[in-house]
Amino acid sequence: MFSMHNIAIVGQPNSGKSTIFNLLTGMNQTVGNWPGVTVEKKEGRVKLGDADAKLTDLPGVYGLTPLTMDEKVTRNYLLNENPDLIINVLDGSAMERSLYLSVQLLFLKMPVIFFINMSDIAEKKNISIDTKRLGELLGERVLFGSGKTEKGIKELKSEISEMLESKKSVSDNINIEQENTVFRKINTIAQILDSNENLKRFKYFYSLKLLEKDEEIENIAKKGLGRKTYAEVKEIAESTETSKGSFSTADWLYSISRGISGEVVTKGRLSHISLTEELDNIFLSRYFSLPIFFLAFFMIFFITFNFGGVINNLIELLLHSISLFVSRNISIKFISDFLTIGVIGGVGSVVSLIPYIFIMFFLLQILEDTGYMARIVFVMDRYMHKIGLHGKSFIPVVLGFGCSVPAVMAARTLETRSDRLKTILLIPFIPCSARLTVIILLGGAVFGASAPIFTFTLFLISILMAVVSGLIFSRFLSKEKSEGLIMDLPDYKTPNIKHLLLNSYFKVEDFLKRAGTLIFIISIIIFFASYFPIGNKGGLIDYMGHFISPLFKPLGFDIGMTVSLITGFFAKESVVSTLSVLYNSDSLTGYISNHWSVLDGFTYLLFMMIYIPCIATAVVIKQETKSWKFLLGLVTYSVILAYGISFLSRSLLSLFL
């Protein structure tokens, strides 16, 4: 039986790895999550003549020590899945840093193709790389190209085919300095590990990690070697320590990457200030950085509203025509209502969100690919400290604009428990993509031409609530000393349009798989609950709505608004389907624009921006904090805050509207 080859693509963040992945696989890819975690998993098929190979885009990592979830996922895949080939994508404009990961890959003793990306940027910076000499030093094939211009992609495919067909064996030796004390220790430990069948496959890599006191590898070695032999290995490893402890190994790896880079990279003198330096003088300025940040997000709202609204109007027109056709040709009222309200309404509520999701993620990806998103993290460092949080906390916060679940999990990379807890409790107040798309859809209906201004105001209030909450949490949670933020700022780049479109397409596909089915099911359940047991004039929803709605009467919420907030706990996007079914309308935006006042709409959307996170986020918060107290406290606090701020805002706005 034919066995498909497995290829792993590995690289550091901002190396252009995902762009290379998209160029190799095109539309032949799937997006999901790695088992047990919410780190994104991308797989695709790359056509190699008459055969195909499976290509896995591993998370971007700086090294193979599992300090973060991304590094853990990447290392576990390489060790457990045993790919036939590794493609290591390097940033040609930052070779010394990129080679730190490359050197570690050599210890795995797997076939590797080193693809030096961003050749266009390297040339602009007057950097030349001797790929032939680099190949000799690494003992593997080295290619040079650019994901942006697609230079070298054809050669990369040819090299992949050649290496898979030749089944090239990997030398048992490692092509790096072997007279160093650290390497001699690695070699000594590797000889001991070679006697065990389960350890010999990765003996060099395990030896390297044992010197680093890698807990996971120590447990593997202890289990495989037995107490006596493991004690011998432990003694060798500990004798390698310097005053810096396990960091001596990292220093050695950096010295190797620095030495290789120094031998193969030539940097010419630039006669002018680079574009990156000129732009950073503006974007990182004390006076302009924050206004530019808010302007960027306002433009995302503005563009998403204007372009998404046009497409959504066409979708609603089509759905209205279909509903009209069904209602005219099916005489049995229950069946007609089920199809027009339950099915078409449910499908419509899902489809109506697609243009907004596509456009919003397209624009957010532009910020990411240009290198601006990294600057946002750097700029916000000083402000995060002012509210009692570490600068690194803003990295999970930025992830929160996409989805709260991976954002909460990303908080585990923070050094202290206090920082982790404060960040986790803060994230639910960051407007995720699900909330933003609902706000954009409903806001466009209720606010009309003023929608960008009103919804951006909602966004700012939500951010303000996050800041206030951060200050409150900092007062009640213990303070631990945290280190400063050190990060690498990539050069500014022109985004690859193909990568932008593919990324947005797969975000929409992920939405349809993850939330689309749930939203449709909820809309069907809401339809039956509103229809039975006493027909379409009452039903269970009517009873539930009348029971709960008095609590929300001071906020001006009707039964539809109240019930939708409950279903929104399961998935924020289901708010749209719930309103569509309960309002019995095939044009939800049309109904809202005619029946909601600006005051009602603003109060409702503000409440939805602040109140409890979705059930998936709640589950992850419980897992990460290991505390029901924190979760229940957060839910209670968020509901009280949402109610109080919404009531206050309604009272103030009523004086002017």
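Even glycines carry a Cβ here, placed using N, Cα and C.
Among the features that TrEMBL reports, domain 'FeoB-type G' is placed at 4-166. Summarising the annotation, TrEMBL assigns GTP binding site to 11-18, 36-40, 57-60, 117-120. Here TrEMBL flags Asn22 as Mg(2+) 1 binding site. Marked as Mg(2+) 2 binding site by TrEMBL: Thr25, Gly26. The transmembrane segment annotation in TrEMBL covers 287-304, 338-367, 387-411, 423-447, 453-473, 515-534, 601-621, 628-648.
Known features from TrEMBL, placed on the structure.
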| residue | record | DSSP class |
| --- | --- | --- |
| Gly11 | GTP binding site | strand |
| Lys17 | GTP binding site | helix |
| Asn22 | Mg(2+) 1 binding site | helix |
| Pro59 | GTP binding site | coil |
| Met118 | GTP binding site | coil |
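Between the transmembrane segment (287-304) and the transmembrane segment (601-621) there are fewer than 3 Cβ pairs closer than 8 Å, counting only pairs 6 or more residues apart in sequence, which means the two stretches are not in contact. In this structure, the CA atom of Met118 (GTP binding site) is 15 Å away from the CA atom of Asn22 (Mg(2+) 1 binding site). For Asn14 (GTP binding site), applying a Cβ distance below 8 Å and a minimum sequence separation of six or more within one chain yields Gly60, Asp91, Gly371, Ala374, Asp488, Pro490. Looking only at the binding-site residues Gly11, Lys17, Pro59, the one with its C-alpha closest to Thr25 (Mg(2+) 2 binding site) is Lys17.
Across the domain 'FeoB-type G' (4-166), mean pLDDT in this model comes to 85. For the pair the residue listed as 'Mg(2+) 1 binding site' and Pro59 (GTP binding site), the Cα-Cα distance reads 14 Å. Taking Cα separation as the measure, Gly26 (Mg(2+) 2 binding site) is nearest to Lys17 of the binding-site residues Gly11, Lys17, Pro59. Between the transmembrane segment (628-648) and the transmembrane segment (453-473), the number of CB pairs under 8 angstroms, six or more residues apart, is three or more, so the stretches are in contact. Of all Cβ atoms in the shown protein chains, 27 besides its own fall within 10 Å of the Cβ of Gly11 (GTP binding site). Of the two recorded stretches, the transmembrane segment (453-473) lies close to the transmembrane segment (601-621), with three or more CB pairs under 8 Å once pairs fewer than 6 apart in sequence are set aside.
Counting other Cβ atoms within 10 Å of each Cβ, the lowest count among the binding-site residues Gly26, Pro59 belongs to Gly26. With a cut-off of 8 Å between Cβ atoms, the residues of this chain six or more beyond the transmembrane segment (387-411) that come close are 37-40, 68-69, 364, 373, 376-377, 380-381, 419-420, 422-424, 426-428, 430-434, 436, 466-467, 470-471, 473-475, 479, 482, 484-485, 613-614, 616-617, 620-621, 624. Using a cut-off of 8 Å between Cβ atoms, the transmembrane segment (515-534) and the transmembrane segment (601-621) share fewer than three residue pairs, counting only pairs 6 or more apart in sequence. Sequence-remote contacts of a segment are chain residues at least 6 beyond its ends whose Cβ falls under 8 Å from one of its Cβ atoms, and for the transmembrane segment (601-621) they are 38, 404-405, 408-409, 424, 427-429, 431, 434-435, 438-439, 442-443, 445-447, 454-455, 458-459, 461-462, 465, 555-557, 561, 565, 568-572, 575, 592, 630-631, 634-635, 638-639, 641-643, 645-646, 649-650, 653.
With a cut-off of 8 Å between Cβ atoms, the residues of this chain six or more beyond the transmembrane segment (338-367) that come close are 296, 299-300, 303-304, 307-308, 311-312, 315-316, 319, 322-323, 326-327, 330, 373, 376, 401-402, 433, 436-438, 440-441, 495, 499-501, 503-505, 507-508, 511-512, 515-516, 519-520, 522-524, 527-528, 573, 576-577, 580-581, 584-586, 588-589.
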